[in-house]
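Taken verbatim from Swiss-Prot:
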| type | residues | note |
| --- | --- | --- |
| COMPBIAS | 217-237 | compositional bias 'Basic residues' |
| REGION | 1-73 | region 'RNA-binding and homodimerization' |
| REGION | 180-215 | region 'CPSF4-binding' |
| REGION | 205-237 | region 'Disordered' |
| REGION | 223-230 | region 'PABPN1-binding' |
| MOTIF | 34-38 | motif 'Nuclear localization signal' |
| MOTIF | 137-146 | motif 'Nuclear export signal' |
Amino acid sequence: MDSNTVSSFQVDCFLWHVRKQVVDQELGDAPFLDRLRRDQKSLRGRGSTLGLDIEAATHVGKQIVEKILKEESDEALKMTMASTPASRYITDMTIEELSRDWFMLMPKQKVEGPLCIRIDQAIMDKNIMLKANFSVIFDRLETLILLRAFTEEGAIVGEISPLPSFPGHTIEDVKNAIGVLIGGLEWNDNTVRVSKTLQRFAWGSSNENGGPPLTPKQKRKMARTARSKVRRDKMAD
C-alpha cells in the first residue's frame with residue numbers, strides 16, 4: 001500500500017474531526033454541515049478499502065498536522081493562503097430538497113465511474129428539471145455533492161451521487177453521468193431540462209431549451225436511440 005495514500009487518509013480523518021468540532025459548537029453553516037456528512041461516508045468507505053481504523057488514523061493524522069504547523073511560519077502560511085484559489089459552494093437545491101428521502105416504483109441503478117446513478121423507470125411523460133449542489137473553482141464545477149431530478153410537482157425521480165468508497169471525480173465524470181441520467185429519463189418520453197447554474201459551471205454555456213451541449217458521441221447515441229424507438233412504435237402499430 002502506498003504510504004502517501006495512508007498518510008492522506010490519516011490527515012483527512014483528523015481534519016474531519018476538527019470540522020466536526022466546529023459543527024458541535026454551532027459555528028458551521030448548512031453547506032459546511034452537508035460536506036461534513038458526505039465526507040464522513042467517504043472516509044468510512046476509504047477506511048474499509050484500505051483496512052484502516054478511523055479512530056487510530058485520526059490520532060496519527062493529528063500528529064502529522066501538528067508537526068507541519070510547528071515547522072510552518074506565519075509568513076509562509078499567509079503566502080500559501082493568498083496563492084490558493086478558494087472554491088465556492090453552489091446550491092440549486094434547498095436543504096429540504098437535498099435531504100429529502102425518496103423511493104422508486106421501478107428502480108434502476110447504474111455505476112458510471114466514481115458516481116452512482118439512480119432512476120425511477122416508472123416515470124413517464126413528465127417535465128423534469130435537473131438541479132445540483134456542488135463546489136466551483138475557476139468558474140468550473142469542482143466536486144458534485146448531489147444531483148437530483150425533479151418533476152414539476154416536486155417529486156424526486158432520479159439522482160446522481162458520488163460513491164463513498166470511490167473518492168474523487170472529474171467534471172467529465174459528472175457530465176457523462178448526467179448524459180446517462182438524461183438518456184434513462186428520456187427513454188420514457190420525459191422532457192428533461194438542466195438548471196442554468198449547472199449548465200454554466202459544467203459546460204461553460206447554457207442552452208435555451210435547458211439541455212446541456214452534447215458531444216458528437218452523445219448525439220450519435222441519441223440518434224440511435226431515436227431510430228430504435230421509431231422501429232418499436234411501428235411494430236406496435
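Numbering starts at 1 and runs along the chain as displayed.
Just so you know, glycine gets a Cβ as well, placed from its N, Cα and C.
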Using a Cβ cut-off under 8 Å, which residues of the same chain at least 6 positions beyond either end of the motif 'Nuclear localization signal' (34-38) come close to it?
16, 19-20, 23, 28, 89, 95, 98, 133, 145-146, 162
For the motif 'Nuclear localization signal' (34-38), what does DSSP give as the number of helix, strand and coil residues?
5 helix, 0 strand, 0 coil
DSSP helix/strand/coil residue counts for the motif 'Nuclear export signal' (137-146):
0 helix, 8 strand, 2 coil
